[in-house]
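Visitor: This is the feature table in Swiss-Prot:
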- 13, 14, 15, 267, 310, 314, 411: ATP binding site (BINDING)
- 13, 17, 267, 310, 411, 415: ADP binding site (BINDING)
- 13, 83, 84, 135, 245: sn-glycerol 3-phosphate binding site (BINDING)
- 83, 84, 135, 245, 246: glycerol binding site (BINDING)
- 231: phosphohistidine (MOD_RES)
């Protein structure tokens with residue numbers, strides 16, 4: 001019998017990857033292709049959706065070429081993606097009517113601010129679990145419909161379709177046959193009612209978004225459609241798994257029990273907690289979202305987004321030139337002889353959860369004449385751990401659950417100094433996945449379950465393994481003293497609002 005595999009498409013903010021996994025969950029081949037971001041005006045971030053589609057096709061082809069695997073050996077396809085990014089396209093031609101507006105983009109900020117001033121924050125939070133922000137898809141849809149002449153009327157007639165990137169890729173792969181999204185991606189649009197599991201008519205009416213342009217919303221593990229044979233080298237293969245990137249990482253880490261938490265240390269940090277089958281509405285500025293839905297059940301999650309994590313290490317390397325390679329930061333931190341009196345608050349683009357202070361800017365505090373390069377590097381690494389504690393502590397406050405263990409992935413999870421300090425400052429064990437490809441793995445798991453490639457989550461548990469475990473060993477008095485210093489550093493950073501004179505002219 002011909003051996004079968006699962007293909008995961010991992011569509012990120014700067015590149016697309018296609019990864020082929022075998023039945024043991026091992027990566028057989030992968031291919032990556034970067035695509036450009038466009039910045040038409042300050043604060044605007046856009047993609048060309050067709051460049052993303054081309055990157056999907058080319059990486060699929062290259063993964064097949066590298067592995068020697070045939071398209072008809074793929075049992076199912078899982079898609080994971082950058083969330084919130086918004087595409088609107090012509091149903092008849094498949095051509096986007098405007099560039100994709102990216103999650104990072106602030107060009108729709110005025111629409112979000114008007115929703116706030118008009119008093120809709122509470123309504124939107126209760127229905128969607130989200131705060132009102134330009135980050136999410138709703139304001140982006142409204143902006144494109146306003147920007148492109150005739151778009152509103154065409155959307156009302158059903159001539160235009162909206163999708164987040166998962167929807168766009170699926171629609172293209174199926175040759176326009178399937179217009180669908182999943183619960184996790186829908187829960188990031190700010191127009192999806194996470195209690196009713198449907199688009200919310202009140203919010204659609206508020207923003208004048210026609211329901212006719214919206215995709216069907218489905219669970220994360222089922223057959224949504226099949227590839228058009230002309231897009232998949234003569235083969236019709238089921239697209240059978242779909243999840244936003246952070247939720248895919250939660251599933252890839254098999255954080256399937258309420259109270260389990262994962263942190264992905266990427267450019268930023270995304271801390272996601274499984275809260276079980278009932279949504280926990282945060283009273284402390286965390287996002288309530290959908291974690292995943294399989295076997296007819298929906299698991300909800302709390303999420304805290306930290307804007308700067310791995311990018312702080314890039315800052316040490318590229319801007320400050322304190323390290324030659326990012327990996328050098330571990331040895332430098334270990335070489336520091338400071339008493340941890342230096343604090344770096346990397347608020348380069350403001351502070352994320354739980355502070356949500358867009359005006360804050362970075363700071364270095366506690367320096368003396370004796371402060372050296374290693375001390376600054378160490379304090380920068382420690383800032384990632386402190387910010388994680390900020391979010392984890394807030395999750396504990398919202399849920400009443402004592403978090404004893406954190407599962408981690410992402411590039412900075414390879415830094416053993418950081419992982420040990422993270423365990424110490426949280427007073428929780430840290431488990432690093434043996435396979436750090438947890439986002440793609442999550443998409444593969446969801447796809448494989450739907451087509452019987454894997455039977456159930458018990459079988460997945462046989463595949464998943466912890467690579468390294470870090471136990472806390474810091475005395476409580478020291479831990480709390482260090483964290484009190486961090487809280488002071490945050491307050492000092494929030495106070496400083498001065499801007500250069502020229503910016504205020």
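Glycine residues also receive a Cβ, built from the backbone N, Cα and C atoms like all the rest.
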Visitor: Please report how many Å separate the Cα atom of residue 267 (ATP binding site) from that of residue 246 (glycerol binding site), as a whole number.
Guide: 13
Visitor: Centre the Cβ atoms of 83, 84, 135, 245, 246, go out 8 Å, and tell me which other residues of that chain have a Cβ in range of the glycerol site.
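Guide: Leaving out the recorded residues gives 82, 103, 188, 244.
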Visitor: Glycerol site residues 83, 84, 135, 245, 246: biggest Cα-Cα distance, Å?
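Guide: The glycerol-binding residues span at most 15 Å between Cα atoms.
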Visitor: Same chain, not part of 13, 83, 84, 135, 245: whose C-beta falls within 8 angstroms of the C-beta centre of the sn-glycerol 3-phosphate site? Give them in sequence order.
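Guide: Here the non-site neighbours turn out to be 81, 82, 85, 102, 103, 104, 188, 244.
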Visitor: Compared by Cα position, which of the recorded positions 13, 231, 314, 415 is the closest one to residue 245 (sn-glycerol 3-phosphate binding site)?
Guide: 13
Visitor: Please give me the CB contact count at 10 A for residue 135 (sn-glycerol 3-phosphate binding site), counting all chains in the structure.
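Guide: Its Cβ has 22 other Cβ atoms within 10 Å.
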Visitor: So the record assigns 13, 17, 267, 310, 411, 415 to ADP. If I measure every Cα pair among those residues, what is the longest distance in angstrom, as a whole number?
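Guide: The ADP-binding residues span at most 24 Å between Cα atoms.
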Visitor: For residue 246 (glycerol binding site) and residue 84 (sn-glycerol 3-phosphate binding site), what Cα-Cα distance in Å is obtained after rounding to a whole number?
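Guide: Between the alpha carbons of residue 246 (glycerol binding site) and residue 84 (sn-glycerol 3-phosphate binding site) there are 12 Å.
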